[in-house]
Amino acid sequence: VAGAMGKLQSKISFHTTKYRADSSVGQTGPTGASQQHSPAHTDAVTSVAALKPDLCVSGGRDKSVAVSSWRSGAALRRFIGHEREVTKVTSALDCNRVFSASRDKTVMMWELHGTSGPSQHFPGHDLVVTGLAVSPDASQLCTGSRDNTVCKWDTETGECLGRAAISRNLVTHLCWVPGEPYVIQTSEDKTTRVWDSRELQVAHTFPAKQHIQTCCDVSQDGRYCLSSSSGCAGHGAEATLWDLRQTRGRVCEYKGHFQTTTSCVFLPRDPALAPSIATSSSDSTVKVWDQDTAGRG
């Protein structure tokens, strides 16, 4: 849970000395020797997301955003510009644009092969930005914050296209439904909401859980979403599968963690295997589950 927020500027001036992108080259030993690379961050990593089949993007407490290779482990590019820790990173898959949210109340867009500075800046939230989701075509961005608001932005112009506030809706995570105008949002008010991004209105709210909802994910076919719960000493800490298209109700629960479930994700489909999900927890474990039966693999 975020601490008290200081009075920070909501807009950051663009100075070439403030924003830079550094390239790091791994050290290569003799032929056949393993490569040694410097860490992508100098402090805790707070968020990671897929960028391309062989690249990922990460954000950290060191205020930086890094692009790294899945295959080699090398940090290929590092962006500096946020004034406080980066809380979330995302990108439309196979897109050259990277988005980062921060405790400095802003979101920035970076071009993987572009200039050294951010190509767009999205100020407007009053507190730390805790949710970040980009449309599949990367033309629009949804952001959420502990200020109880969800905002929609034009990524080309930086214009805020809409802002919606719901009392006690402290946003914890956002994800965009593939091929649809809908965005899933989890909250500290224990609910999971479905937003229609066209009018930025709540299209559906799933029944409230007993604990804070910490994270969400959407299946690639857009039929289901997952949410995860906080918990302690075996109480709560479950993940929940929700139906997005038919009943819009609860389908299944995945129980087994003893502390807060911090993240949940649908695993890539393998035609030879049953659909699976994965969860991570403050109890130091990662669990893989059969999506349909809630059995652990």
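Quick reminder: no glycine exception, Cβ is built from N, Cα and C everywhere.
No curator has checked TrEMBL annotations; they are predicted automatically.
Noted in TrEMBL for the protein shown:
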REGION    19-41  region 'Disordered'
COMPBIAS  24-39  compositional bias 'Polar residues'
REPEAT    79-112  repeat 'WD'
REPEAT    122-163  repeat 'WD'
REPEAT    171-205  repeat 'WD'
REPEAT    254-290  repeat 'WD'
Note the mean pLDDT of the repeat 'WD' (171-205), expressed as a whole number.
97
Using a Cβ cut-off under 8 Å, which residues of the same chain at least 6 positions beyond either end of the repeat 'WD' (79-112) come close to it?
2, 5, 8, 10-12, 18-22, 43, 46-53, 57-67, 118-123, 125-138, 141, 143, 145, 153, 155, 173
How does the repeat 'WD' (254-290) divide up by DSSP, counting helix, then strand, then coil residues?
0 helix, 18 strand, 19 coil
In the repeat 'WD' (171-205), how many residues does DSSP put in helix, strand and coil?
0 helix, 22 strand, 13 coil
